[in-house]
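> Mind looking over this structure? Questions follow.
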Amino acid sequence: MSLKHNGASSTCVVEPLELQHMSGLLSHPREAKLATSRDSLHMTEPQGTKLDHDLDLAENLPSPTTQAAQKLERWNHPRLNMWRTLAAFWSFVVMGSNDAAYGALIPYLQQYYHLTFLVISLVFLSPLAGYTASALLNNSIHLKFGQRGVAVIAPGCHLIAYIIIAVHPPYPVLVVIFMLAGFGNGLADAAWNAWIGNMANPNEVLGFLHAFYGLGAVLSPLIATTMITKGSRMPWYYFYYVMIGMAAIELATSVSAFYKATGAVFRANNPRTTDTKDNRMKEALVHLPNARVTWICALFLLGYVGVEVALGGWIVKFMLEVRSGGDFASGMTATGFWMGITVGRLVLGFVTPKLGEKLAIAIYLPITMGLELFFWLVPSFYVSAVAVALQGFFLGPLFPAAVVAATKLLPRHLHVSAIGFAAAFGGSGAAIFPFAVGAIAQAKGVQVLQPVVLALLGVILMLWLALPRIRKKTE
């Protein structure tokens, strides 16, 4: 083997004599890939030199012109994936519980801290800083620390945030701490969506992943409302003792499952396949045609998550004040909405791939808009409760379908960068639009929820139709 030096980089030339050595590895392509990766690293860097001065080792090397077809991993194969998938499912339970708790707790936070609509809406806006930071840092964390880094940082942020909230600090401190919870949510959301989106049968597995988010969102307002309104009528912050326990389990399961998923493993499994010298995030956000897909998916998820959390977050207040419901019954409408999302993700997760993602979502969204009109225009508590639950059912598969669409439209090495950015950017919709509803409600009343949601549904339908044609994923 000989080395040819070209400027600051070295190029490896494999002589014919090396072919005998390599042929022994062909029956084990994964081992061959890792072995050649390790060998090339030893050849291109002097002994003892640190290699993480540039996190993505492939960033400064020529891109491979051909890449062997890889058989997609499954959720239960290799066997370790089963435990990792279950850990990701539990992480989404915690995330769903985190997001849905706001809607159930807002009336009691408002009363406890003596706040206006505008000021209480800051609990929705504050996670925006966390989501933004996670969108920018997600790719770097993967390249340096791998999925192990996500498994430590995201649950750690949840745990610290919930411990501080449980001691019910002054309201400004509470707003800042919700930023930390938002960072944990954005990081885990991006990482586990990108990982599962690359598996075989991604619609079905992502459907289950997001159904667990919905499960957490169902349980959270149910537990919080029951603790506050029934029996001994506990203070609102007692609910966060439950969240502390859930976050502790998340930390233990995530770290144990993903401990071996280091940065080196991530870089070996996700080599560059294009010749650009830009880093992966810039390639995903600036270079066409990939940038078009990334930004459409990001804006679609921004609007979708805005609809989801605005409905889930303000439905209790709307049912109390506009539909004149009781405390417990109004709280249960939020549970019905999140239950609809959960069931929709489980059921429609099997329907969507049969129709194709592009057609399926183009059908689900107009149905959701029709249900929103029923919710808005029929002034009945029971009609509103049923309509919002059915809206949840048809909204459920939208997020998983957008992730699958991105994996089919983008090259593999951009999946973590692009899907991570889109998921985290979309997660900021959970902050922006519910806050906007609260700010407008300060002047016009909480009934502004309905036209805002209907307009958002129309916008995300147009964005979805602007995506390129989606090809079938090779398995």
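Glycine residues also receive a Cβ, built from the backbone N, Cα and C atoms like all the rest.
Feature table excerpt (TrEMBL):
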type	residues	note
DOMAIN	84-475	domain 'Major facilitator superfamily (MFS) profile'
TRANSMEM	86-106	transmembrane segment
TRANSMEM	112-137	transmembrane segment
TRANSMEM	149-167	transmembrane segment
TRANSMEM	173-193	transmembrane segment
TRANSMEM	205-224	transmembrane segment
TRANSMEM	236-259	transmembrane segment
TRANSMEM	293-316	transmembrane segment
TRANSMEM	328-347	transmembrane segment
TRANSMEM	359-378	transmembrane segment
TRANSMEM	384-406	transmembrane segment
TRANSMEM	418-442	transmembrane segment
TRANSMEM	448-467	transmembrane segment
> If I count Cβ-Cβ pairs under 8 A between the transmembrane segment (173-193) and each of 112-137, 418-442, 448-467, which range comes out on top?
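Stretch with maximum Cβ contacts: 112-137.
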> Check the domain 'Major facilitator superfamily (MFS) profile' (84-475) for me and report the mean pLDDT.
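Overall, the domain 'Major facilitator superfamily (MFS) profile' (84-475) comes to a mean pLDDT of 85.
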> Report, as numbers and ranges, every residue of the chain located at least six residues beyond the transmembrane segment (293-316) whose Cβ falls under 8 Å of a Cβ in that stretch; write 'none' if there are none.
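That would be 99-100, 102-104, 106-107, 124, 217, 221, 284-285, 330-331, 333-334, 337-338, 341, 388, 391-392, 395, 398-399, 402, 405-406, 409-410, 414, 418-419, 421-423, 425-430, 432-434, 437-438, 441, 446, 449, 452-453, 456-457, 459-460, 463-464, 466-468.
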> Using a Cβ-Cβ cut-off of under 8 Å, list the residues of the same chain that are 6+ residues beyond the ends of the transmembrane segment (149-167) and lie near it.
87, 91, 94, 98, 130, 141-142, 173-174, 177-178, 180-181, 183-185, 187-188, 191, 237-238, 240-241, 243-244, 247-248, 250-251, 254-255, 257-259, 261, 263
> Does the transmembrane segment (328-347) reach the transmembrane segment (205-224) with at least 3 CB pairs under 8 A, where each pair is 6 or more residues apart?
yes
